[in-house]
Amino acid sequence: MDLTRQGWLHGQPTASGVLKSTPEDFVVIEDLGYSPDGDGEQLLVRVRKQGCNTRFVAEALAKFAGIPARDVSFAGMKDRHAVTEQWFCLRLPGKVTPDLNAFQLEGVEVLESARHRRKLRIGALQGNAFTLVLRQVSDRDAVEQRLQLITAVGVPNYFGSQRFGHDGNNLKLAQRWAADEIRVRERSKRSFILSAARSAMFNQVVSDRLAQQGSLCRVLAGDALQLTGRGSWFVAETAEMDSLQQRVDNNELRITAPLPGSGEWGTRDDALSFEQQSLAHEGALIALMERERVDAARRAMLVIPRELRWRWADDATLEMSFWLPAGSFATSVVRELIVTQSSSNEADE
């Protein structure tokens, strides 16, 4: 599977630029979508961090609170080479709330904390707000045109390269695991590897759909359609194709692609045939998902950034902000704008 083979919705960018020349050029703020309950056995802690990864902070919080590392959870991994505001959840049944003013960790600041009744689980976010700075942008006019297109039409909802590990190593491990060349016993490592494989297969289907149709909004018979912003889906019936196409055009519905696993794909007819053909050479990876009892799921192929705003600090420096639903990647927005030149700071999560 070629991770570099990902099509563009608006054509390959002609402009180039630099992302993450400094951590301050990439700011992420988690949006839980709710306020803490104010009571309960869980303690929600919001921190601002820079220069350290999510698991490192979670382990430090566990040590500070005197609890096992497994009793600290979070909704998602955040890049160490960025400024991020992130929530952690400490399970403290019958325990006194620790004085987090005394918590010290280089690059980390505790912003607030409150009791809550439910554990914070992976993916349990409404979304993330991003503020980015692109530097050394080579063609302001071309980028401006693409910003208008992205505002109106959106971008492919690809998983970003950080999902696959450095140089795609997580996917390579998945392929070796699927071929019975290695065994993976560590639970967290298994999760990363399986996630990388599913994400790569999703990206492949999206890219193939773009190559065939030039669009991610043209409904096929049997497509699995999702209410925009919702997780559940239903199958497009042939008799309803015209009305469903209109709802997709109006951004009420999104066409989905598979996150392969055990269970049905969720599509039928033409859509199912297309997905099976797209992943025809990935039988070993799909079998691995089934063997490891990873539930099949669906994910929207298109995402439209909300509240997309931008300003030019000068002709080569673009400041932009936008909001994406949980699981969508800011780097997938940027790749439709510019060809990113290498910087010294690359994502590791």
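Cβ from N, Cα, C; glycine included.
N128 is the residue from N128, N169, N170 that Swiss-Prot records in the substrate site together with F26, F329.
The separation of D79 (active site, nucleophile) from F329 (substrate binding site), Cα to Cα, is 11 Å. As a summary of secondary structure, the domain 'TRUD' (154-303) carries 75 helix, 24 strand, 51 coil according to DSSP. Here the C-alpha separation of N128 (substrate binding site) and D79 (active site, nucleophile) works out to 13 Å.
Excluding the listed site residues F26, N128, F329, the same chain places V28, D79, A82, F130, G160, L324, A330, T331 with Cβ atoms within 8 Å of the centre of the substrate site Cβ atoms. Each residue contributes its Cα atom, and for D79 (active site, nucleophile) and F26 (substrate binding site) those atoms are 9 Å apart.
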